[in-house]
Amino acid sequence: MINFVCVFSGEQLSLLLRHPDQPENSKVLKVALIGAPNAGKSTLTNQLLGRKVFAVSKKVHTTRSRALGVLTEEDTQIILLDTPGLTTVSKVKRHQLEKTLLVDPWNTVKEADLMVVLVDVGDRWMCSRLDFEVLKCLALHPHIPAILVLNKVDQVKAKDRLLDITAELTCGMVNGQRMRIKPVIKPPWAEKRPDRDPGPPPAEDSEGPEDSGWPHFKDIFMLSAVDSEDVETLKTYFMAGAKPGPWRYHSEVLTDQGPEEVCTNIIREKLLEYLPQEVPYSITQSIELWQDGEDGELVISVKLNAKKDTHMGMVIGPAGQMVARIAREAGDDLSRVFLREVKLKLSVKLRK
Ligand SMILES: Nc1nc2c(ncn2[C@@H]2O[C@H](COP(=O)(O)OP(=O)(O)O)[C@@H](O)[C@H]2O)c(=O)[nH]1
Ligand SMILES: [Mg+2]
C-alpha cells in the first residue's frame, strides 16, 4: 500500500480517528527515537517510512513538536515516536526557539516498547560520549529495552574507530555481556594514538562518574540513515520485535502531523538550509491559501514574515532567486508527501 498525508486537515484528522483495520493477529511496537539534535532521527524516520514526512536539517531544530510516523506492514504496526530533540536550555536561548520545545520530552518515551538511541558518529566530539540528556532519559526508564544505533557511518573513514566508539558508548557491555573486541593490529606508520587495546576488561566497579556510556543496551547497529538498505535491517529488527497487541492507527496512516504542519516544517527546512545564521529562526509563516487548483493540483500560498529589511532582502535574494528556489524545492517535497501536484507560492513581507 502507498501511504501519503491527506491534503486537507479535516480528511487527515478523520483518517487519524478512523478505527484501526487490524488483522486477527495484530502486532505492535512503539519505538522512541532519542538522540542529540542532528543525530539523524528525522532522516531515519523518513527512511523507515519510505517517504519524507519529517523535515531534515544540518542546523539544530527543525522539529518543533513531537510527531509520530506509522509503518504498517502485513499484521505488524511500528509506531515511531520522533522526540522533539533533547535540547539544553542554553541552546534554546541561543536559537530563540519557542517555549514549546521545553515540553518534557520524556512523556513520549514513557509509553515506548523500545528506545533507540541514535548517535552521529560523523561528529567526533558528540560520539565519544552519550549526550547527558540521553543518558538521563535512559536512566529514567530502565525497564524499557534500549538499543544503540551508530548513524552516519558513511562519514567515518577508519571503520575500526566504530568499535572504539561502541566500546565507549556502552562501557564495554552489551546485552549483559562484556564486549569482546580483538585489538586491531596497526602498521607502524599508522597514526599514533593513546593505547586503546581493550586488554583485560575493567572491573565492574571501575565505572566512575566519568563514564558517559550506557552498559545496558540490548543490541548495537551501525548504519547510514540515508542508505535504504542499511535501514531495512533495522526495520526487520523492529518487525521481529513487535509483540501481539492492537494497532493504534488505521493502516493508511503515515504520520499524525497535519498537512499544514508538514508544509510549514518543509518550508522551514529550506529556510534553514539556505539562509545564514539567525535569519531562518526569526521568520514566521502564515498560510494564506490552501485549495484545489483548476487542473487538479493543490494550490498553497504562504506569507513569510521577516522582522528586518536585511532579512527580507536575504529571503528574496538577487532577482527573487532565493524565494523562487525555496518555493520550488518545498513544492516538490510536498507533492511527494501528498502524492499530488503542488503549486506553492511564497510572498515575503516585512513585519516588525
Ligand atoms: N552523511 C550522512 N548524513 C546524515 C545521515 N543521517 C542524517 N544525516 C544528515 O544529518 C543532518 C541532521 O539530520 P536530521 O534527521 O534532521 O537530525 P535530527 O535532528 O536528529 O532529526 C541532516 O543534514 C541529514 O541530512 C547519514 O546517515 N549520513
Ligand atoms: Mg528532527
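Placement of Cβ uses the backbone N, Cα and C atoms for every residue, glycine included.
For 189-198, the entry in TrEMBL reads compositional bias 'Basic and acidic residues'.
TrEMBL lists 27-245 with the feature domain 'Era-type G'. On the 0 to 100 pLDDT scale, the domain 'Era-type G' (27-245) averages 80 in the predicted structure.
Marked as domain 'KH type-2' by TrEMBL: 271-352. Broken down by DSSP into helix, strand and coil, the domain 'KH type-2' (271-352) contains 37 helix, 27 strand, 18 coil.
Residues or ranges marked as region 'G1' by TrEMBL: 35-42.
The region 'G2' feature in TrEMBL is assigned to 61-65.
Summarising the annotation, TrEMBL assigns region 'G3' to 82-85.
Sequence annotations record features per position, and here TrEMBL assigns region 'G4' to 151-154.
As annotated by TrEMBL, region 'Disordered' applies to 185-213.
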